[in-house]
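Q: One structure, pasted below without further comment.
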Amino acid sequence: CPRNRTNRPKTTVRVVVRCRPSNSREKELSCREVVTMDPGRGQCFIHKPTAPEQPPKHFTFDGVFSVITDGCVLLQGVTEGYNGTIFAYGQTGSGKSFTMQGVSYPPSQRGVIPRAFEHIFEKNAKFLVRASFLEIYNEEIHDLLGQDTKQKLELKEHPERGVYVKDLSMHTVHSVAECERIMNIGWSNRAVETTYNPHLSSPPYTLLIPTPSSGENP
Ligand SMILES: Nc1ncnc2c1ncn2[C@@H]1O[C@H](COP(=O)(O)OP(=O)(O)OP(=O)(O)O)[C@@H](O)[C@H]1O
């Protein structure tokens, strides 16, 4: 992507598309894959299966991935003191959770979150890291790491801190393993398993908020 002299991306918002392979249900239904990717050009092509002679529609993004990328560009900014957010957007079952969490084996399929944790705790990096994990479901906020995950939390605004969630628990983490432990607790406390649940009018949104601040990690 275009970069300035400090090697930071020029734009503050980058849109990256990831395409997942067909799952077993789609294979059983004999669904055809209609999306192809050109990661080199950051392009994504949609083919019309009923008219293969027609040129595909193409769309250009900041990045296009058929495999997981890491969050290092974002984390580089965070460790320099900037705020950063990864916003995973897509219809249910499109692969948001998989992209963020991934699987530990094969290593190429590890998610953005564990890769980002490793980047924060990599050799020589000294940060105090606290993490929160919340879910927004039916316009209610729940703390996935709180004592009572069913308790509704309130969104507040502070003149200096900005927007924050009142009483959201923060957990100090010292290692990648601790981050993974709390991430797993958070995932298991989610309200519902949403993939392929067409009856949900309002799907839940899950936010993991690691907060590095300068200073020794005690
Ligand atoms: N890149 C991928 N490679 C292999 N399997 C994938 C990939 N992406 C997603 N999947 C699989 O597809 C299924 C749906 O993915 P996932 O649960 O991440 O979707 P989602 O967008 O988070 O859905 P929801 O909004 O319903 O929570 C899962 O079984 C997941 O393992």
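Using the three backbone atoms N, Cα and C, a Cβ is placed for every residue, glycine included.
Owing to the predicted nature of the structure, the values given are computational and were not obtained by experimental measurement.
Sharing the features that TrEMBL gives for it:
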DOMAIN    12-218  domain 'Kinesin motor'
BINDING   Gly90, Gln91, Thr92, Gly93, Ser94, Gly95, Lys96, Ser97  ATP binding site
Q: Minimum Cβ neighbour count within 10 Å among the binding-site residues Gln91, Thr92, Ser94, Ser97: which residue?
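A: Result for the binding-site residues Gln91, Thr92, Ser94, Ser97: minimum number of other Cβ atoms within 10 Å at Gln91.
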Q: According to DSSP, collapsed to three classes, what secondary structure does Ser97 (ATP binding site) have?
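A: Assignment for Ser97 (ATP binding site) reads helix.
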Q: In the structure shown, which of the binding-site residues Gly90, Gly93, Gly95 has the fewest other Cβ atoms within 10 Å?
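A: Looking at the binding-site residues Gly90, Gly93, Gly95, the Cβ with the fewest others within 10 Å is that of Gly90.
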Q: Would you mind giving the whole-number mean pLDDT across the domain 'Kinesin motor' (12-218)?
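A: Taking every residue in the domain 'Kinesin motor' (12-218) and averaging pLDDT yields 80.
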Q: By the DSSP assignment reduced to helix, strand and coil, which category contains Gly90 (ATP binding site)?
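A: Note: Gly90 (ATP binding site) is coil by DSSP, not helix or strand.
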